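Visitor: Here's the feature list from TrEMBL:
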SIGNAL    1-16  signal peptide
TRANSMEM  58-77  transmembrane segment
DOMAIN    67-361  domain 'Sugar phosphate transporter'
TRANSMEM  98-119  transmembrane segment
TRANSMEM  134-157  transmembrane segment
TRANSMEM  189-205  transmembrane segment
TRANSMEM  211-228  transmembrane segment
TRANSMEM  249-270  transmembrane segment
TRANSMEM  347-367  transmembrane segment
Amino acid sequence: MKSVVAAALLAGSAVALTPAGRSGSVVGRSAAMSADYGDFDQGVKSVAATPARGGAVSMFMGLDFALLGYFFFWYLGNYYYNITNKLALKGSGGSKGFPMTIASLQLGVGVVYALFAWVAPDMRSIPALTMDDIVAMLPVAFCSMMAHCASVFALSAGAVSFGQIVKAAEPAFAAVLSQFVYGKPISQAKWLCLIPVIGGVIIASVKELDFAVSALVAACSANLFAAFKGNENKKLMETPGLKDRLGSVGNQFAITSLLAFLMSLPLMFATEGAKFGEFMEVLKTNPAVKSNFLLSGVYFYGYNELATMTIKKTNAITQSVANTAKRVIIIIGVALVLGEDLPFVKLLGSAICIGGVFLYSVIDSLLAKM
């Protein structure tokens, strides 16, 4: 198991934590910042090709392999994040332990990497931001921080499967906000496609339901802030001149993480500051909590940087739908690794959800041809 985790970490780091090189790598400065903002509905057909190292092109036979790679390692990193995060929370006392402290310091782990990337030779150039740029990024950073903290608390208060069930409603939150707050309506057909997406996750997880009111409230709060974050992130990427000053998608996520971490510190000390010494003692005396806490921070930063890259080529609602499919994969993947049974109802729910995601991606194109 340790070798599998190590291999996945190295593989995820190779993609999720790739520096924005100066020679035209897949997530290099000019390539990453010039990608098309097209919807995922056309992502496998018309998203602008991204130059790869050595002049190769990431588009082949109509498929955007860079985008597919982002999704793959995003899912993989999120899968391992859920495992290590739950083990760290459980080992430190669950919801009565240090969920806010763990959530905040997980952001700090990513900040350490970002700072290292900026000072390391030829790894990632430091962005040339103005104070107005920082102010423009504050809404994304705040929503990112709140979504993360609420998600961690939900996982500490209830089962991972229950958290995945509630958070499966995120596409509905994103759709409502997109249509009624951001003025970007989606078709009625796409609204209907959200039914099998959400219903499939519920069916796949129904036998693992572990209800907790606090987990329900926290997960719903996470949905709301995540939906806001997706829409604000998309707006931020379209700010004239900002992408040039940032230099890369990786820099954008690094700055967002740094701001989110700084915002989380007052909340952490206000809620669990009196127990911070106790938390440090747990880290010293419980190696499992320490290792899982650190790994969860690394996985969290890696898969979220990839999520930022995918939303650059998609839109906020598609991002939320992809998140829903990811939850099914997490539930089934955990069952396979831990040797749990995969009953028919779980496989059926997974098939319904993934089918709903595919239908959501192509429904408008199919109806346009009729």
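Note that Cβ sites are derived from N, Cα and C of the backbone, with glycine treated the same way.
Unlike curated records, TrEMBL annotations are generated automatically.
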Visitor: Near the transmembrane segment (249-270), which same-chain residues lie under 8 Å Cβ to Cβ, leaving out any that are not at least 6 residues past its ends?
Guide: 17-20, 27, 32-33, 100-101, 103-105, 107-108, 110-111, 114, 117-118, 124-125, 127, 129, 134, 137-138, 140-142, 144-145, 148-149, 236-237, 243, 276, 301, 304-305, 308-309, 312
Visitor: Top stretch among 98-119, 189-205, 211-228 for CB pairs under 8 A with the transmembrane segment (134-157)?
Guide: 211-228
Visitor: Report the mean pLDDT of the predicted model across the domain 'Sugar phosphate transporter' (67-361), rounded to a whole number.
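Guide: Computed over the domain 'Sugar phosphate transporter' (67-361), the mean pLDDT is 85 on the 0 to 100 scale.
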Visitor: For the transmembrane segment (211-228), what are the same-chain contacts with Cβ under 8 Å, counting residues 6+ beyond its ends?
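Guide: Beyond its ends, the transmembrane segment (211-228) has Cβ neighbours at 95, 139, 143-144, 146-148, 150-151, 153-155, 157-158, 162-163, 166-167, 169-170, 173-174, 176-177, 316, 320, 323.
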